[in-house]
C-alpha cells in the first residue's frame, strides 16, 4: 500500500529521511562478506548485466507502477464492491509483513526497531494517510483509470501552493504553465467522460445514473486531492523531527493504519454473509484475494524498482520516467477496463502527458539553478523513489 503514489508529486513518504542514509537496495553486500565473482554461475553474467541495465530498470519501474493501479482498479470495480476499508487493511498487513520479512533477510538492515514514542508522534500523519488512500480507492471505483490518472495531477498544484504558504518559496512561470495544462486536461477529461456516458445510453434514466456515478467519482477525486496534499505537507512538517531512516516511514505508515482500518471496517462496512458473497463472488474470489495480496507487495516492488532506476540512471531520468509513465498508465485503463476511447479522452490524456513533462522540466531547471551556486547534499535513492504518494 504505502503511498500509492503518483510519480510527479515532489513530496513523498520518504522525503526528508536523512539524505546520507544508504539505501538497502543499493548496497546488498556486507563489508564482512567476500565479493563473489560476477560469473559465479551459468547465469551470473546475465543477471549482472540486467542489474546494471538502465532500460531494464525503467521497464521494471513502469510495469510495477502500472500493475499497482490496474490491480487496485480491478479489485474495487465489482458492481457490488463496498469493502474498501477491509481491502486497505489487507494491503497494510501484507506490506508490513513483507517489510519485516525483508528485515529478517537482511534486505532492510537500517530499519529501526519499533519506537512507541515515535509512533505516537506519527499517528496523526497515519490518519491523514487513511483519508488519502480511502478517497483514492473510492475515486478509482467510480472513475476510469485514464480520468483518475489525469485528475491526480491536480494534487501537484495544491501541494505546490501549500509549500509556498507553509514553507516559503515560489512557483516558476514554467510550473504555472504546467498547472494550466493540468487543469485543462482535467476539464477535457470530465467533458469527454460525460459525453461518452450520455451518448452511450441516450438521455434516459440510465444516462442520469451514469452521470451521477461520474459526479460521485469527481467528488471523491476532489477530496482525494486535498487529503493527499494534507498528508504530504503534514508529513514534511513532522518527518524532519522524527529522524526516520530508509523505509521507516513505510513501516510506520502501514503498521499504524492497520488498527484504524480494521476498526473502520468493522464499524462502517457490512460484514453480513450476504454482503460478503456479493463482494467476493465464487467465480472471481480467488483472483480478488490474489489481487489484494499483490497490491500490498506492490509497494515494496515499486520502491525497489525506483531505487534500482535511480542507481543505474539518475534522479533526473527517474523524474522524467515518472512523467512519461502517465501515458502507458492511462492507456492501460483503455486496454484492461474497456474505458471509452474518444477524441476527448485521447486529447485529455495527451494534454495531461505534456503537462507532466513540462512540470518535470520546470522542477529539473529549478533544481539546477539551486545547485549551481553551492553544492547540495545528495538525496538518498529511497527518499527519491518513494515520492509515489498517493493512488494509489
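All residue numbers here begin at 1 and follow the chain in the order shown.
Quick reminder: no glycine exception, Cβ is built from N, Cα and C everywhere.
Among the features that Swiss-Prot reports, region 'Disordered' is placed at 1-40. Annotation source Swiss-Prot lists topological domain 'Cytoplasmic' at 1-55, 102-121, 169-174, 235-248, 309-316, 362-392, citing similarity to another entry. Residues or ranges marked as compositional bias 'Polar residues' in Swiss-Prot: 29-38. Annotated transmembrane segment per Swiss-Prot: 56-76, 81-101, 122-144, 150-168, 175-198, 214-234, 249-269, 288-308, 317-337, 343-361, in sequence order. Annotation comment: Swiss-Prot describes 77-80, 145-149, 199-213, 270-287, 338-342 as topological domain 'Lumenal', evidence class similarity to another entry.
With pairs at least 6 apart in sequence, the transmembrane segment (317-337) and the transmembrane segment (56-76) have 3 or more Cβ pairs within the 8 Å limit; the two touch. Only residues 6 or more beyond the boundaries of the topological domain 'Cytoplasmic' (169-174), in the same chain, are considered here, and those with a CB under 8 A from a CB of the stretch are 160-161, 163, 358, 361-362, 365-366. Below 8 A, the CB atoms of the transmembrane segment (288-308) and the transmembrane segment (343-361) form no more than two pairs separated by six or more positions in the chain, fewer than 3 in all. Same-chain neighbours of the transmembrane segment (214-234): 9, 11-12, 124-125, 128-129, 131-132, 135-136, 138-139, 141-143, 147-148, 151-152, 154-155, 158-159, 162-163, 166, 190, 193-194, 197, 389-390, counting only residues six or more beyond its ends whose CB sits under 8 Å from a CB of the stretch.
Within the chain carrying the topological domain 'Lumenal' (77-80), a Cβ under 8 angstroms from the stretch's Cβ atoms is held by residues 141, 275, 278-279, 281, 284, 288, 337, all 6 or more beyond its ends. Same-chain residues lying 6 or more positions outside the transmembrane segment (150-168) and placing a CB less than 8 Å from one of its CB atoms are 6, 8-11, 139, 143, 175, 179, 182-183, 185-186, 189, 218, 221, 224-226, 228-229, 232-233, 236-237, 326, 330, 348-349, 352, 355-356, 359, 390-391. Averaged over the topological domain 'Cytoplasmic' (362-392), the predicted model reaches a pLDDT of 54. Through the fold, the topological domain 'Lumenal' (270-287) approaches residues 78, 80-83 of its own chain, all at least 6 residues removed from its boundaries and within a Cβ separation under 8 Å.
Helix first, then strand, then coil: DSSP counts for the topological domain 'Cytoplasmic' (169-174) stand at 2 helix, 0 strand, 4 coil. If you look at the topological domain 'Lumenal' (338-342), the same-chain residues 6 or more away from its ends with a CB under 8 A from one of its CBs are 144-147, 192-193, 195-196, 200.
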